[in-house]
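**Q** Got a structure for you, questions after.
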Amino acid sequence: MKQQLVFEAPRRAMPPQHLADLDETARAAAVTELGLPAFRAKQLANQYYGRLIADPQQMTDLPAAVRDQVAEKLFPTLINPVREIQCDAGETRKTLWRAIDGSTFESVLMRYPQRNTVCISSQAGCGMACPFCATGQGGLQRNLTTAEILEQVRAASSTMRAEHFGRTAGTAGGGRLSNIVFMGMGEPLANYNRVLGAVRRIIAAPPNGFGISARSVTVSTVGLAPAIRKLADERLGVTLALSLHAPDDELRDTLVPVNNRWKVSEVLDAARYYADTTGRRVSIEYALIRDVNDQPWRADLLGKKLHGALGPLAHVNVIPLNPTPGSEWDASPKPAEREFVKRVRERGVSCTVRDTRGREIAAACGQLAAEG
């Protein structure tokens, strides 16, 4: 059955409040409400964001007499791992999470020689209905809370810190999570306020956040033009990744149904506004599909439009289409891929083929379906 475009998540009971849902002011108020001294708010935040501890029983600077109360009110268990599978010689790990209400979603931890990246979900499911994406074909269950998003980051950070994966101390990869990409399940800008809260805590220094550089955080979108402009005005300095997948409205209306609301020209105008406002280059994501969007003339048109709209502030990531169950489409052959990249570059636009990880375990771009 063809999925319909959904912007508003179904109304469902939301999880209990967690420390990670709260900003600095709200944390102080919550601690005071528990009858604890105000300085405990900073201690709790430092334990969570700095030491990556989410169990008050392990917080040695917290009096034992109040740990149960703090656990109940500020550290409920929001998500539990259901299954973890690995590939790429253990360098890629996909985790299926289940929330309190039974909603499921996935995150993917990827280790590279010079960086460690976690791909996180912002929604359980997705309402954008892109026909080549397993997540979009599954429909939208609900938005994730800020804390549910941040728990994926904390879990990945904790894993990296504990295991180090045998890397040499002092290398950029090492035992530290270095990059966050909002490219898992869901449309991040359709869950704007909670994603924004998560981004702010990801980039804030401890004890108010994980202290990851804004330049190492990527927020993807299928092209919600007003929200792109709104994100630009936040001036957070994160990277914007625009899932374009076609340079012409006729095809993009089908491949990316949100294009029926905001056309290619409107989305590229918003991307230009983002680049001008933040000074950051915009990543253009383009899943290359055999005989669908890989024609030489579409490469020429893509290069022409991006050069006109963004100039040197655009970089195209060509993504060989990853297989999904029941899909009638497959990836373009390598000669067509090379020709496509060459033609985009000839138009003066930076273009490379993405190093795809996790295809064997359905953890690559467009494959996340939270099947448990």
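Every residue, even glycine, has its Cβ placed from backbone N, Cα and C.
Straight out of Swiss-Prot:
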- Glu106: active site, proton acceptor (ACT_SITE)
- 112-359: domain 'Radical SAM core' (DOMAIN)
- Cys119-Cys365: disulfide bond (DISULFID)
- Cys126, Cys130, Cys133: [4Fe-4S] cluster binding site (BINDING)
- Gly186, Glu187, Ser220, Ser243, Leu244, His245, Asn322: S-adenosyl-L-methionine binding site (BINDING)
- Cys365: active site, S-methylcysteine intermediate (ACT_SITE)
**Q** Hey, of Glu106, Cys119, Cys130, Cys133, which of those recorded positions are within 10 Å of Glu187 (S-adenosyl-L-methionine binding site), Cα to Cα?
**A** none
**Q** What subset of the recorded positions Cys119, Cys126, Cys130, Cys133 lies within 10 angstroms of Gly186 (S-adenosyl-L-methionine binding site) at the C-alpha level?
**A** Cys126
**Q** Check the Cα-Cα distances from Asn322 (S-adenosyl-L-methionine binding site) to the recorded positions Glu106, Cys126, Cys130 and tell me which is shortest.
**A** Cys130
**Q** On the three-state reduction of DSSP, what should I expect for Ser243 (S-adenosyl-L-methionine binding site)?
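**A** Strand, per DSSP.
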**Q** What whole-number Å value do you get for the CA-CA distance of Leu244 (S-adenosyl-L-methionine binding site) and Glu106 (active site, proton acceptor)?
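**A** Roughly 23 Å, rounded to the nearest whole number.
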**Q** Under a three-state reduction of DSSP output, how is the residue listed as 'active site, proton acceptor' classified: helix, strand, or coil?
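**A** It is in a strand.
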**Q** For a quick check of packing: other C-beta atoms within 10 Å of the C-beta of Ser220 (S-adenosyl-L-methionine binding site), how many?
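**A** Counting Cβ neighbours of Ser220 (S-adenosyl-L-methionine binding site) within 10 Å gives 22.
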**Q** Secondary structure at Cys126 ([4Fe-4S] cluster binding site) (DSSP, helix/strand/coil)?
**A** coil
**Q** Considering only the recorded positions Glu106, Cys126, Cys133, which residue has the minimal Cα-Cα separation from Cys119 (disulfide bond)?
**A** Glu106
**Q** Could you tell me which of these binding-site residues, Ser243, Asn322, has the fewest other Cβ atoms within 10 Å of its Cβ?
**A** Asn322
**Q** Would you measure the largest Cα separation among Gly186, Glu187, Ser220, Ser243, Leu244, His245, Asn322 for the S-adenosyl-L-methionine site and round it to whole Å?
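**A** With Gly186, Glu187, Ser220, Ser243, Leu244, His245, Asn322 as the binding residues for S-adenosyl-L-methionine, the largest Cα distance is 19 Å.
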**Q** Can you tell me how many other Cβ atoms are located within 10 Å of the Cβ belonging to Cys130 ([4Fe-4S] cluster binding site)?
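**A** Other Cβ atoms found within 10 Å: 23.
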